[in-house]
Amino acid sequence: MNCNVLFLLSVLVSVTAGVTAAYHPTDVFLFNCGDTSNNVDNSGRNWTVESRQILSSNLVNASFTSEASYQKAGVSRIPYMKARIFRSEFTYSFPVTPGSIFLRLYFYPTQYKSGFDAVNSFFSVKVNGFTLLRNFNADSTVQASIPLSNSLIKEFIIPVHQTLNLTFTPSKNLLAFVNGIEIVSMPDRFYSKGGFDNVLRNVSSDVDFQIDNSTAFESVHRLNVGGQIVNEVDDSGMFRRWLSDDSFGNSGSIVNVPGVKINYTEKTPAYVAPYDVYATSRLMGNSSNLMFNLTGMFLTVDAGYNYLVRLHFCETLPQVTKAGQRVFSIFVEDKMAKKETDVIRLSGGPRIPMYLDFSVYVGFESGMIQPELRLDLVPLKDTNQTYYDAILSGVEILKLNDSDGNLARPNPELLVSTDSTPDDSNVTPPIKGKPHVLVIILIVVGSVIGLATFIVIIMLLIRQMKRKKNKKENSVIMFKLLLKQYIYAELKKITKSFSHTVGKGGFGTVYRGNLSNGRTVAVKVLKDLKGNGDDFINEVTSMSQTSHVNIVSLLGFCYEGSKRAIISEFLEHGSLDQFISRNKSLTPNVTTLYGIALGIARGLEYLHYGCKTRIVHFDIKPQNILLDDNFCPKVADFGLAKLCEKRESILSLIDTRGTIGYIAPEVVSRMYGGISHKSDVYSYGMLVLDMIGARNKVETTTCNGSTAYFPDWIYKDLENGDQTWIIGDEINEEDNKIVKKMILVSLWCIRPCPSDRPPMNKVVEMIEGSLDALELPPKPSRHISTELVLESSSLSDGQEAEKQTQTLDSTII
């Protein structure tokens, strides 16, 4: 009995140790090529000299060694300062354990003391029948590296039996070189069996992809998402280097729980990825709750190959502990790779890591030799999850060899021959006495270069035209993947043949409808006018990238022939404009007004700063703010919105966007400054003045024939303490302070010069802060004419034109 117990305990201990322990490779070789003594690098790893048993017999004639002339920043002495340089084809032969191995080649393209300049070195590399590099130039590869570096490591995964034969072949009349060679064994079928679930999903087919044991790989990208660089010695036993994803444009918030324990399992043992990868993650939005952002990760690859995409996940946030709290879809190259990814459900619980494998072919459709592979993680909107977000811990991208055993990218158009081995006897001496031959050669070469340049320019123009033509179709394809698409007949059924009109605008009519599950929705049908496709794309693109308590939720769309419609949540209390109209004769609830103003500000702050791609609305007005049952405001109608990078301070518009009375002056005339997200700030200020009654007094003053510029009388009333035009006599002192704060914030928002206006994140701080912290801004003095606005403006709601024109000189600053 005791023996059985001891046996079971020993088995349990061995299994647990296998799960939690790092990998211990059977083969580890580190060769400092060209060096004469063994050395230790900065990380403590031992590099040895090349053994004569693994060198070709023609060592002296085929190669020589040299030392780099100088050591550039970031370049370690071992293994980069010494190199073996090859005059002719040269083969290393390594005895290895059967299986698959990591082969890492180290290059430092610089000048060497022997006179060799590695910048001008072109060569090919083969191993056991696989072509790893062809006509390879280390310097150009280093120059294009992300992040920038002065040295280079090329990593390959090679199937081996007992011997690894590594051959370097210089291009004709040139030299080849290498600084270091590393060989490390790996677990059996580590990259070919699939993810933690032993499945390798093919994103282009319903049939799973298969990788046999004879496949070679090149490691293209290995990223620690949300974390720092993980150096070789900190890996899980295979000496891989994990780069930070900071250089790849990711802006989602980082998850880093100090001291979190990662619970490795038999399906995901500790050697799959190191602790530092699973302990940090990046949320694809900027908040852990009620926010969503479609985040694209773009990773440069070589066209014409299949790729293995391995994604690592681990839920470490203490509040995410149950299945269903965070669910998202995975898209690779705009194709649905996995619809529902619930890390808690798939892995078995919190702090349990997992990894998924996908295969995708990247062709030449883009016209580029090195296109970008796109990866998107998209939260599912139609689930009752707590956190509308997506999470990612690590990414590995590996290229598979083609049918010819090739991993090298297509040859660049270089005036260098690669077809034979250099030999002095084969070099043709210059022809004396025949200068015309040189002239002919120069003419031919010049013509070829000119023709090639012309062809490249034409190809670029064609590709640009093709992209512009297909931009709308590609956007709609993406919408189909992310949202529910309705046919027009379904819209008629949902709206009961469009019988209940909620509102009308310049771009379409909004109807009330009911889905089959009983949910009430708003159906906005765009007018059948030429050019409305752009408005549709604008609105769906903008709304599909948002999920915030103060932004209207997009539920679906219709894109059928000339029919365009948007299906969104329905809000019972209608628009802010209707709310203001209903309460004109009543003393308003200041707390409600304040809550609405603050909610709108937060929604705009999210559009400007919470999305990976900034969204500028360009049509903020009461009609485009909807109120739910609790008077929570939601920004709606994104037909005029523009998406831009956050670093873009000035936007380019070919038309005037907005509604008279709310358009920022710089949108109408560039004499006021550049167009930016500050244009929304101006519209917000005008909207808040509407809410507190200031715009009503403008109309009264104008109708009485006064030419007073309304900020002037607001300043005067504030100085005299006269605010009865806003709040009446029944307001208490506390509400009086709130209203005054809203006025001051509005006055700052409607400054004529955009640079004088606060950004929306500052506006939120001002509204939430103390009245004592706010100062009265200087009086504005610049006006804009009614005629100028009417001539240049594209109204978002044509029915307001007449009303707004009456007060234009008073309301546009």
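Glycine is treated like the rest: Cβ placed from N, Cα and C.
Here the structure is a predicted model, which means the values were calculated and not measured.
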#### Entry: Stated Swiss-Prot location of region 'Disordered', expressed as one of 400-422, 791-813
791-813
### Task
According to DSSP, folded down to helix, strand and coil, what is Asn61 (N-linked glycosylation site)?
helix
### Task
Give me the Cα-Cα distance between Asn61 (N-linked glycosylation site) and Asn263 (N-linked glycosylation site), rounded to a whole Å.
55
### Message
Let me check the 10 A CB neighbour count of Asn165 (N-linked glycosylation site). How many other CB atoms are there?
### Response
14
### Query
If one measures from the C-alpha of Asn263 (N-linked glycosylation site) to the C-alpha of Asn165 (N-linked glycosylation site), what distance in angstrom results, rounded to a whole number?
40
### Summary
Mapped onto three states, the DSSP assignment of Asn213 (N-linked glycosylation site) reads coil
### Candidates Asn46, Asn165, Asn202, Asn401 (glycosylation sites) - the one closest to Asn213 (N-linked glycosylation site) by CA
Asn401
### Query
Asn202 (N-linked glycosylation site): which of the glycosylation sites Asn46, Asn165, Asn401 is the nearest Cα neighbour?
Asn401
